[in-house]
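S.K.: Handing you a structure now.
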Amino acid sequence: MASELGAGDDGSSTELAKPLYLQYLERALRLDHFLRQTSAIFNRNISSDDSEDGLDDNNPLLPESGDPLIQVKEEPPNSLLGETSGASSSGLLNPYSLNGVLQSESKSDKGNLYNFSKLKKSRKWLKSILLSDESSEADSQSEDNDDEEEELSLSREELHNMLRLHKYKKLHQNKYSKDKELQQYQYYSAGLLSTYDPFYEQQRHLLGPKKKKFKEDKKLKAKLKKVKKKRRRDEEFSSEESPRHHHHQTKVFAKFSHDAPPPGTKKKHLSIEQLNARRRKVWLSIVKKELPKANKQKSSARNLFLTNSRKLAHQCMKEVRRAALQAQKNCKETLPRARRLTKEMLLYWKKYEKVEKEHRKRAEKEALEQRKLDEEMREAKRQQRKLNFLITQTELYAHFMSRKRDMGHDGIQEEILRKLEDSSTQRQIDIGGGVVVNITQEDYDSNHFKAQALKNAENAYHIHQARTRSFDEDAKESRAAALRAADKSGSGFGESYSLANPSIRAGEDIPQPTIFNGKLKGYQLKGMNWLANLYEQGINGILADEMGLGKTVQSIALLAHLAERENIWGPFLIISPASTLNNWHQEFTRFVPKFKVLPYWGNPHDRKVIRRFWSQKTLYTQDAPFHVVITSYQLVVQDVKYFQRVKWQYMVLDEAQALKSSSSVRWKILLQFQCRNRLLLTGTPIQNTMAELWALLHFIMPTLFDSHEEFNEWFSKDIESHAENKSAIDENQLSRLHMILKPFMLRRIKKDVENELSDKIEILTYCQLTSRQKLLYQALKNKISIEDLLQSSMGSTQQAQNTTSSLMNLVMQFRKVCNHPELFERQETWSPFHISLKPYEISKFIYRHGQIRVFNHSRDRWLKVLLSPFAPDYIQQSLFHRKGINEGSCFSFLRFIDVSPAEMANLMLQGLLARWLALFLSLKASYRLHQLRSWAEPDGTSHQSYLRNKDFLLGVDFPLSFPNLCSCPLLKSLVFSSHCKAVSGYSDHVVHQRRSATSSLRCCLLTELPSFLCVASPRVTAVPLDSYCNDRSAEYERGVLKEGGSLAAKQCLLNGAPELATDWLSRRSQFFPEPAGGLLSIRPQNGWSFIRIPGKESLITDSGKLYALDVLLTRLKSQGHRVLIYSQMTRMIDLLEEYMVYRKHTYMRLDGSSKISERRDMVADFQTRNDIFVFLLSTRAGGLGINLTAADTVIFYDSDWNPTVDQQAMDRAHRLGQTKQVTVYRLICKGTIEERILQRAKEKSEIQRMVISGGNFKPDTLKPKEVVSLLLDDEELEKKLRLRQEEKRQQEESNRVKERKRKREKYAEKKKKEDELDGKRRKEGVNLVIPFVPSADNSNLSADGDDSFISVDSAMPSPFSEISISSELHTGSIPPDESSSDMLVIVDDPASSAPQSRATNSPASITGSVSDTVNGISIQEVPAAGRGHSARSRGRPKGSGSTAKGAGKGRSRKSTAGSAAAMAGAKAGAAAASAAAYAAYGYNVSKGISASSPLQTSIVRPAGLADFGPSSASSPLSSPLNKGNNIPGTPKSLHMTSSLASDSLIRKQGKGTNPSGGR
């Protein structure tokens, strides 16, 4: 092969040397010595020491009878590999040496060469091989053969076989390295060549400690010993088979030899000894193996047969025993069955007694409930009269007060007292059944109550007058003492002041006080006169002018009048909400500066300091330390013990609607204060519940109700909810309470008294929900179960109160979504999860020697220098070939673009930075060339004498080339030639004109996506992975890479080019600086940070209301308006604050958390500073008492349930002092719950208007139905109701059909069972009748359900009617279904009332029907009926006589009898309850109650039945064994003698045939 590769084409000696890789390959494949040694070993006879093998002494290496398959070719060494044929005889090695050991060496010397210290049994064969001397002769013989044979070359096929062996070797080496089991043999033979043998240590490390040897291993070793002995014995007897065995061992090596076996190979015959040995071996195997195996099989078959026989015997025994047990069970079943039937009868009668007791209790309970109901009605009537009495008494008191004030006549006193007369003397109640029951009324004397009411009113009036007189006298004495203590004279008023002789008459007009700085309007002056008149008469009042009409000013003017005209300088107590405290203080300071006002608020320490001025000695004069105390409701409750020490001349309660609850602590505390007069100020209409009206009445007239605790008890029962069906009475009482309040209340509205106020315009602004709001709104709506809402709205009153709060929570969720989705679900700041990765460490050795660029150090030289087509030498040779032929050169274009071969090589081989710089330089060159061609002047010649290198560059003249794009402004704005945004598109836009209403449509304008929508951030971020190496050069290289490489590379990355970097450093000194390039010119849409903060634009665009508010505020600010924005939710005000900051609107905020001092300063700043555009207020905190007339626009972001609250809020701007027109905007989301809330607020406003004007009354509480109507649209509610009714109807219909089917199936099943049982009894011939034995414990019951007789002395069954249910139904039937149409028809035959046979076979013949006797039917005895006569009772179908066969069918009707008994008992109980109820009132019932009732029979009982209880022949409560038996009718009356005489006849006929007429 080498000779073929080395042969040249022409055989010349000038051939170049072979490539190095071929030389390396030939040297690596030099295998001659290995092949020679291997062939010598393989061709040597293994058993050469035996003399019987017939070896040839002349040729010891080639046996005579050896197998030629194992002969391996011996090839001479290859001369091309640098060896000669005589290399083996060069004397380097002894030709007769083996493994470097001479043949003459002894075994002891060989043993010193190896380490056999740790050699165990498993490796002893290695020792025998290493110490053997068998290979010396083979080596000498192989050397002789090498000299004799001629040189042979290695064939190609053998080379391929060797390569394949090499491949197999690699494959198995890989398997060895991966398999743990194979790795234990790592030092199997190599350990013998070293001083330390690590084989066993390696094996122990991989396999672990030795496992315990189990018995199986011991057995296996014993078997292995036997096999070895057997093999040894076989080898002794068959020594001739060794060549064949030798052939088998060398089969593995023979397959590498390509010589075919000789065709004529003779088969060797065995000797007799060999055959005997084989025969003996066969017999031994038969005796040792086959015979025990056959014996085992036979014994196992016998055991299996015995086992199966035993199982079969057990099964047969079980079957026989089961049959015997069944027979015994059948024999013993009679007595337990009888006992069971006895127990069932006992349970039946116990159940009967229980049902009877329950019906009796139910009747008593119903009668008791009826009595309770009548008692409640009487109590309600009594309470009604009592309330009428109290209201009449209050009207009389008010009449006395108004008569004194108005000096009127006394003509209406009788009219008031006439209301106590009660014209109704009796009451009729209609009870079911058509019976009218008259209930006697309790005695009521109207004259007595008239006198009592008049007396109480006069006493209360006199007590009030006396209390007022005593208070005035005490105040007079205190004031006189204070005057005497002061060293002053002529203080203005003397001591002659007295309320008994008022100086001002009731009709005289009082002028405005002189100490009041200001001008009162006409209606305000009238209000002050009315208040002064009330004070003179000692009457408390309510000033209820509409908000903004100056209630505060009128109150201050009244106090100034008292100080100026009456010399009453206090002390006055002003109590108001916290939001209006500063307003009261400012108004006092502004209008009456002579008053010393003491603001009582602050922390406990400040209030303690203020209370130092509270001295009783220094009060009541003009020189007192204070005249007026202003405080809040909360502080009054906290410091009540200090306020009760002072006797207040006048107490003014601002926003008096806070006192509407008489059970509150505030109401009770303020009622106990010592004061001469009380004045309540309220701008809202009087509330429309009786309890709230009475609370105001009691507060202004405490003397009238001091002794009447029953009034409180009356309202604590909540009479409105208790008597819902008596609304007419409530309306009458409510109108009377309003009439009582009229003399003590003054109310004016703006449009009636004030024409100077500007108009107020209210505008509803409807907003659309955004997509996010719609999704949230629909999600909330889907979570609501319409059925649950409807069910909760239709529940009881108690359930309605419980569900209203949960429904209101749903309403608040919907309102949050309408206001802003951020209230429901806030968008939080988003940031990815950031982690810091640890740097991975690289060892210094790997860094310096293991990297690819270091490992392949010659790669760059080969690829970039020697083999690269862009090498400068190659480009030069391609352009200038030595033969002068350069037509096919691929680099001929370089001369036309002015690029040298070196520049081309740099572009292609020096990396990306060189190309980038070259591109930058080429763009500059193209720009210069473009300028040169565009602005160069022609030289006058027609053509040039030569062409320049750049004349062939045509790209510069292209219209969209870089120089043209830079120089032309129109080309810069092209789509693909200018810088674009990250995300943009082209859509149509409508452009509106500013000064006209026209608009135009512009198509395909560049549209940028909003920045808050461009959010594409990773979920996890990390610092780029760094490396660390303990090497100085590695750290230097890492630092260079971190800095961006070289300076030029860094400048290109940041600025785009080195020249641009220089310009960037000097940009501040340039007038027109160059735009930045590289990374500095990149501006990401959301910045370089991945943290995403929700934009304020999304805050506006996510809410339809806030978007509408944004547009509205922009317009209002441009027009110079000032705005008040009201909202009920504090979180919504927080969002509005964020919006104001974003839009840069100047604003202020006031809510419930603002302090009192801050509220005063904020209101003052808003009134005085014009730069504040918006005032954010909460509806509850900022809607009371403050003056914000500087604003002319009010915006309600969300509406309140109560329209009065919104009215108060908008009147903060629309009040006295407002000169501009006030515009009120109300933001409403269209199609949502807010529309329905606004509608309800309008309805409520109308109701309040009607109530204050004395109209009808309507409760002011939200019911569940109303809340459900807010949650659902009317159409949706109607649709849901229709669907629900349709589903309910379908469900009822399907249930009815299923019930009918179930009953029919049950009836058919029972019928089938009864027929089967009847047939079985007919076959067995069972027809037993147990004789009648009267007993008291009902023990005469049959065991098998046969005929038995009703004992005479048994308990009387509950009668129901003349025809019982059990006699109507067929045998084994079920209770009748009223909706079923397939039941039996009951025939009422007149002939059935004919005389019947006395001597009938029915056991019930001893009893008779009492109902006919009671109803007046004559009783007579008739002869017995014959065979031809029918023995049917009245109302029974024809052929329904009783037979023994029919009696046998009645034993399976237990449940039917029980249900019949329950129904009959229920009917009887209902009748008894009705009778008992009527009897409780002393009336009898003429009809409507069954004549068989126990009550009726006990009243009208025939004389002939004195010895027997009334028992109906068709009673459903008969014996359960007679259920379904058709019992014929009996005579109307029987005597004891006739019944006893017929006893024997009954017993005789019980065994005979059936009576006539029976089936």
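Yeah, the Cβs are placed from backbone N, Cα and C, and that goes for glycine too.
Note that the structure is a prediction, hence the values are computed from the model and not measured.
The compositional bias 'Basic residues' feature in Swiss-Prot is assigned to 220-232. The compositional bias 'Basic and acidic residues' annotation in Swiss-Prot covers 1285-1297, 1306-1319. Marked as compositional bias 'Polar residues' by Swiss-Prot: 1393-1418. Annotation comment: Swiss-Prot describes 1510-1521 as compositional bias 'Low complexity'. Feature annotation from Swiss-Prot assigns domain 'Helicase ATP-binding' to 532-703. Sequence annotations record features per position, and here Swiss-Prot assigns domain 'Helicase C-terminal' to 1108-1263 based on sequence analysis. The feature N6-acetyllysine is assigned by Swiss-Prot to K118, with similarity to another entry given as support. As annotated by Swiss-Prot, phosphoserine applies to S1515.
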S.K.: With DSSP as the reference, give the number of residues of the compositional bias 'Basic residues' (220-232) in helix, strand and coil.
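M.R.: Reading the DSSP string over the compositional bias 'Basic residues' (220-232) gives 13 helix, 0 strand, 0 coil.
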S.K.: What are the helix, strand and coil residue counts for the compositional bias 'Basic and acidic residues' (1285-1297) according to DSSP?
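M.R.: Across the compositional bias 'Basic and acidic residues' (1285-1297), the residues distribute as 13 helix, 0 strand, 0 coil.
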S.K.: Let me spell it out: take the compositional bias 'Basic residues' (220-232), skip the flanking residues so only those 6+ beyond its ends count, and list any with a Cβ under 8 Å from a Cβ in it.
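M.R.: Distal contacts: 281.
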S.K.: Which numbers of helix, strand and coil residues does DSSP report for the compositional bias 'Basic and acidic residues' (1306-1319)?
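M.R.: Across the compositional bias 'Basic and acidic residues' (1306-1319), DSSP assigns the residues as follows: 14 helix, 0 strand, 0 coil.
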S.K.: Going along the chain, which residues six or more apart from the residue listed as 'N6-acetyllysine' have their CB under 8 A from its CB?
M.R.: G191, D197, F199, Y200
S.K.: What does DSSP say about K118 (N6-acetyllysine): helix, strand or coil?
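M.R.: Its secondary structure by DSSP: coil.
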